[in-house]
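Residues or ranges marked as transmembrane segment by TrEMBL: 63-81, 101-122, 129-149, 155-179, 191-210, 222-244, 317-337, 349-369, 376-394, 406-425, 437-459, 471-491. Summarising the annotation, TrEMBL assigns domain 'Major facilitator superfamily (MFS) profile' to 63-495.
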Amino acid sequence: MSVSSSPRKSEEKVFVENIERGDEEVRVNDPEVRALWDEYQALQEQFGEVGEAKLIRKVDWRLIPVFAILYLIAFLDRGNIGNARLAGLEEDLNMTADQYNIALTVFFFPYALFEIPSNIILKVLRPRIWLSVNIFIWGVVMTCMGVVQGYGGLIATRVLLGVFESSFFPGVVSIISMWYKRHEMQFRVSLFYASASFAGAFSGLLAYAISQMSGIAGLLGWRWIFILEGIVTVIFGAASYWMLCDDPRRTRWLTSDEIRLLQLRCMFDVDHIRNAEGKIDLDSLAKQEHGEFGTSGFKWDYLWTALKDWKMWNNSLMFWGCSVTTYAFSFSVPTIMTQLGYSNTIAQLMTIPVYIAAAIMTIVTAYFSDRFKQRAYFVIGWFATSVVGIIIQLATKPHQTGPRFFALFLIAMGIYSAFPGVIALHSNNLPRPWIRAVSTGCHICFGNLGGAVGSNIFIASQRPVYQLGYGFVLGITTVGMITATIDLVIFKRINAKREKMNKAEILAKYTNDELEQMGEHSPLFRYTT
């Protein structure tokens with residue numbers, strides 16, 4: 001029997017007064033919030049700590065493997081052009097090295113441009129519908145890429161691939177935010193993002209196997225790479241409508257009590273305001289109570305608010321520390337392996353241990369980041385690890401294959417492990433749902449433009465040293481460290497200042513509506529660092 005539900009709260013009511021939190025009890029004067037709290041306590045007692053942990057594992061096993069498989073496919077499809085290059089793409093289409101770099105670059109402009117409108121669409125359309133349609137179409141585009149007859153056809157398909165892949169990552173992050181508390185998100189994001197690392201490993205192995213089909217049906221190996229991987233994407237795109245989940249309220253595999261507990265535990269996820277006596281952030285509950293993403297409509301002011309926020313620009317630069325290096329690395333590492341003296345075939349296989357190590361460290365890092373509720377320290381540490389690897393590449397000679405190969409491990413582990421923390425550090429500090437959706441879209445949009453840069457800095461004429469490539473990623477990774485440090489210092493300073501504020505003075509100075517509109521600028525909000 002489900003515990004009776006309480007009246008729904010308006011999405012606009014982000015903060016509610018009259019809650020007194022103590023070490024052992026919570027006294028509530030507001031009758032509606034009292035009912036919600038009593039319901040939450042009853043459900044927690046019913047499930048117990050073991051039962052609640054079991055429920056979260058149940059959600060994990062239902063959601064995360066699906067996200068991981070689909071993101072693996074997405075990363076394979078955008079990055080397999082590097083493997084296709086080794087399998088004869090350039091020679092067959094009579095392309096120059098500069099034309100190849102342009103083919104890499106054109107993916108990122110529509111990919112970045114369409115992320116913001118995609119996030120807006122996700123606020124009014126169910127994610128499983130929007131994402132499944134996009135996955136299916138980019139699979140068709142991927143398949144068509146295998147039958148292009150010239151450079152123009154390759155450019156057109158790369159542009160379309162960027163358009164339809166743009167919805168996936170922000171869509172998945174949006175879904176995850178509906179199921180988990182703030183400090184549970186990074187581990188879950190990292191679990192599916194780690195599949196990008198596995199994609200790097202798997203793409204090498206898969207490309208090696210598929211390239212052996214060269215000559216079948218009169219097609220070279222690079223064409224089979226695109227065709228077969230595209231067909232797989234089409235199949236998963238068609239199936240993803242039933243594989244994906246929107247939010248707890250639209251599930252058939254949870255009981256009514258499980259659904260309600262998931263909703264209420266997000267509502268009372270108030271660690272960021274635990275010292276603000278009498279204030280609870282209800283934006284997570286509002287999203288659950290009024291459908292997946294709320295009923296209020298998009299306003300252009302939300303976009304303006306996101307664009308004038310210093311955090312979005314600072315964190316976009318931090319994102320560049322990951323995106324420039326990640327895409328430069330993923331597109332170039334098969335070629336770099338050949339420069340270390342390996343044949344094309346062996347070079348495909350030698351990328352595998354590098355990416356496996358990166359995937360493992362991404363998951364381990366996210367686990368401890370969520371456990372200790374810290375983001376910036378881990379981001380800074382992994383950026384520093386990448387910097388060490390890049391310096392080794394710049395300082396060693398081409399024939400010193402041992403240290404140069406080891407440096408690839410440091411670079412990969414650093415950039416892949418830092419990325420989920422970069423995303424979490426930004427989204428965790430945006431309490432209002434519409435602002436979070438739009439700002440996250442802007443953050444990912446501008447951050448992914450780094451891929452356009454990363455795809456052009458490893459110039460063929462500079463092989464095997466790649467002074468420009470490694471020099472640029474050294475600089476931008478250092479910028480990532482600096483921007484993460486800026487977040488850490490400023491957020492800690494603001495939190496310390498707010499800790500000293502008096503509740504009575506805050507309530508005397510601001511109305512409840514003013515506190516609501518302030519969002520993360522409210523003196524009752526505590527930043528995640």
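Each residue, glycine too, has its Cβ placed from N, Cα and C.
Stretch with the largest number of CB pairs closer than 8 A to the transmembrane segment (129-149), among 101-122, 155-179, 471-491: 155-179. Tertiary neighbourhood of the transmembrane segment (437-459): same-chain residues 97, 101, 104-105, 107-109, 111-113, 115-116, 118-120, 122-123, 169-170, 173-174, 293, 298, 302-303, 305-307, 309, 312-313, 315-316, 318-320, 322-329, 331-332, 335-336, 422-423, 426-427, 430, 466, 468-469, 472-473, 476, selected by CB-CB distance under 8 Å and a gap of 6+ residues from either end.
When pLDDT values are averaged over the domain 'Major facilitator superfamily (MFS) profile' (63-495), the model yields 83.
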